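Peer 1: Dumping the structure here so I can ask a few things about it.
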Amino acid sequence: MTSLGFPVVVGILLLAQMAQPVFVQDSGLQFPLDAVRKLADLLEGPGADLQSRKATLSICTHPSLPPEFLPVCKSKEAPSIFRRLRTIANDDLCELCTNAACTGCY
């Protein structure tokens, strides 16, 4: 039982480590990569120009906006933060953990 137990424990630990979520950091805030991808989907919609404060307000009041982004909506930096997050979400480098904005990778 002891010789079989060790590989099982190691396997469970490896799976637990791989299941850790990947986070994206920007301006001192941290967001799950899945939420950033949902945000990017919203930003691809019509009128999502993000150059204007009006477009940012539209995103911030969207009912599908993940709640993790509500602090961003209160920031004057919201348009630029949302632009950077959209770029990261469209970049597979975060999935490969080569983007400096991504954490939680092993």
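Don't overthink the numbers, they just go from 1 along the chain as shown.
Including glycine, each Cβ sits where the backbone N, Cα and C put it.
Automatic prediction, not curation, is the source of TrEMBL annotations.
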Peer 1: What does TrEMBL give as the disulfide partner of CYS60, choosing from CYS73, CYS94?
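Peer 2: Matching partner in the record: CYS73.
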Peer 1: Excluding near sequence neighbours, so keeping only residues 6 or more apart in the same chain, what lies with its CB under 8 A of CYS73 (disulfide bond)?
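Peer 2: Result: THR56, ILE59, CYS60, LEU65.
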